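Here Swiss-Prot flags T364, S405, I406, A408 as Na(+) 2 binding site, drawing on similarity to another entry. Residues or ranges marked as N-linked glycosylation site by Swiss-Prot on the basis of sequence analysis: N43, N178, N195. As annotated by Swiss-Prot, phosphoserine applies to S517, S522, with the evidence given as similarity to another entry. For 1-18, 83-93, 230-238, 309-313, 345-353, 463-524, the entry in Swiss-Prot reads topological domain 'Cytoplasmic', with the evidence type a curator's inference. The topological domain 'Extracellular' feature in Swiss-Prot is assigned to 39-61, 115-205, 267-286, 381-393, 428-440. Swiss-Prot lists 19-38, 62-82, 94-114, 206-229, 239-266, 287-308, 354-380, 441-462 with the feature transmembrane segment.
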Amino acid sequence: MGKPARKGCDSKRFLKNNWLLLSTVVAVVLGIVIGVLVREYSNLSTLDKFYFAFPGEILMRMLKLVILPLIVSSMITGVAALDSNVSGKIGLRAVLYYFCTTIIAVILGIVLVVSIKPGVTQKVDEIDRTGSTPEVSTVDAMLDLIRNMFPENLVQACFQQYKTTREEVTASDDTGKNGTEESVTAVMTTAVSENRTKEYRVVGLYSDGINVLGLIVFCLVFGLVIGKMGEKGQILVDFFNALSDATMKIVQIIMCYMPLGILFLIAGKIIEVEDWEIFRKLGLYMVTVLSGLAIHSIVILPLIYFIVVRKNPFRFAMGMTQALLTALMISSSSATLPVTFRCAEEKNRVDKRITRFVLPVGATINMDGTALYEAVAAVFIAQLNDMDLSIGQIITISVTATAASIGAAGVPQAGLVTMVIVLSAVGLPAEDVTLIIAVDWLLDRFRTVVNVLGDAFGTGIVEKLSKKELEQMDVSSEVNIVNPFALESATLDNEDSDTKKSYINGGFAVDKSDTISFTQTSQF
């Protein structure tokens with residue numbers, strides 16, 4: 001009697017703790033089935049397809065809604081909780097990890113595409129072009145990246161990014177200019193028949209989208225400042241800590257809707273795709289990209305984690321399953337960030353002082369999957385054009401793909417723009433980016449999964465490397481009440497019956513009956 005009852009309790013506990021994950025998996029399967037059936041047996045108009053995907057659109061809007069408060073509150077509280085020297089060390093370790101894994105991903109992608117040669121058996125004319133090629137200047141894109149790191153208006157940075165465009169100056173424009181015009185004039189030589197120079201003026205514009213890079217830079221500095229202000233800054237620390245907790249409560253509500261939204265996202269995308277024949281034409285190219293992403297996520301990242309942390313990396317990855325599924329469905333590292341926080345902190349028990357500092361930065365600059373994809377795509381397009389790349393050009397692709405992926409968050413319409421930058425760096429025709437746009441929506445989902453997994457492993461690795469500094473801060477927090485994550489020991493109800501440390505809601509939680517000063521960590 002005892003054993004069946006215990007098995008029943010274990011099953012109920014498993015379902016209770018993993019109902020969201022299981023329902024998401026079921027939603028993915030149902031979404032694929034419904035999408036295929038609707039595509040085969042109904043003839044929906046473009047308007048009908050738009051309405052069909054509406055529940056999925058609502059999920060995306062809700063997730064994007066919490067990105068801004070989550071990034072701002074988590075970055076500020078995370079940095080304020082750390083000593084400036086400690087935060088510098090943690091930041092350096094995180095950036096080194098991001099840089100090394102991105103370089104490894106690029107090298108892996110180039111090795112695979114050079115070995116498999118997916119573009120050798122095909123010609124440019126055999127593949128249909130989709131979309132248009134954006135006009136991109138590498139210099140302007142890099143300068144825009146730096147400009148966006150230092151926004152001139154903090155409120156505007158919450159919904160717009162700075163972007164420069166070039167406009168050709170004609171003779172009539174030149175005579176009509178007045179003294180109040182603020183645009184900068186640049187002169188460049190172009191290959192025209194008269195072999196004359198053309199004049200361009202650089203015009204600054206703003207495009208829609210959160211300036212994540214600028215907000216992170218500001219929050220980093222702001223968090224360091226209020227962390228050093230002592231008791232004067234404590235009220236701000238408490239405010240942003242409460243904002244972070246409130247945002248995560250909202251995330252819990254959103255995740256209850258997630259299975260339904262994901263079902264319609266998947267089904268809607270399957271119905272929307274016009275030409276499935278393109279997948280056959282670009283099949284070998286897709287296999288090359290997916291093979292690289294699989295090797296990087298299943299072999300390289302877990303190996304790095306195991307070498308540093310000395311724990312089972314696949315158990316850690318299992319704790320991130322919900323975040324990885326979300327990334328696969330919605331194809332956005334930033335929109336997945338709320339789920340990534342929950343998985344890292346509640347499933348894998350990573351220190352909040354690490355996750356709140358490392359994850360927002362990782363979601364912005366750590367793009368292993370994107371770097372690998374861009375390197376493979378550049379060499380693939382070179383093979384389509386029968387262009388033999390030299391060692392110098394391959395190195396150029398590697399460096400450019402790494403830099404472009406790191407700076408992608410600070411560049412408006414980053415996907416196409418960064419790809420054009422990589423192609424232009426080695427003299428490949430920028431318009432050939434339209435050859436791979438048709439399958440980009442699918443590959444983008446898988447490379448987002450790799451990006452999120454890399455961020456997650458990064459928190460575990462940085463936490464291990466920073467263990468000594470965190471323990472020293474735990475000791476000093478007994479006399480330093482400024483730390484918003486002052487240590488409280490909590491016994492976690494798990495099978496190991498070990499006493500683990502939980503960083504809960506601030507250093508003033510003395511009376512646990514006080515709902516304002518004490519908040520329990522919620523579970524899935």
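Every residue, even glycine, has its Cβ placed from backbone N, Cα and C.
Keep in mind that what you see is a predicted model, and the values were worked out from it rather than measured.
Known features from Swiss-Prot, placed on the structure.
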residue	record	DSSP class
N43	N-linked glycosylation site	coil
T364	Na(+) 2 binding site	helix
S405	Na(+) 2 binding site	helix
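Counting Cβ pairs under 8 Å to the transmembrane segment (287-308), the stretch among 19-38, 62-82, 94-114, 239-266, 354-380 with the most such contacts is 94-114. Fewest Cβ neighbours within 10 Å among the binding-site residues T364, S405: this applies to T364.
Recorded stretches compared: 62-82, 94-114, 206-229, 354-380; the one with the most Cβ pairs under 8 Å to the transmembrane segment (239-266) is 62-82. The stretches the transmembrane segment (206-229) and the transmembrane segment (94-114) are not in mutual contact, being linked by fewer than three Cβ pairs under 8 Å (pairs 6 or more apart in sequence). The Cβ of N43 (N-linked glycosylation site) has 7 neighbouring Cβ atoms from other residues within 10 Å, across all protein chains displayed. Proximity of I406 (Na(+) 2 binding site) to non-local residues of its own chain (separation of 6 or more, Cβ distance below 8 Å) is seen for Y98, F99, T102, I365, M367, given in sequence order.
Confidence for the topological domain 'Cytoplasmic' (230-238), expressed as mean pLDDT, is 90. With helix defined as DSSP H, G or I and strand as E or B, the topological domain 'Extracellular' (267-286) counts 15 helix, 0 strand, 5 coil. Each residue contributes its Cα atom, and for T364 (Na(+) 2 binding site) and N43 (N-linked glycosylation site) those atoms are 40 Å apart.
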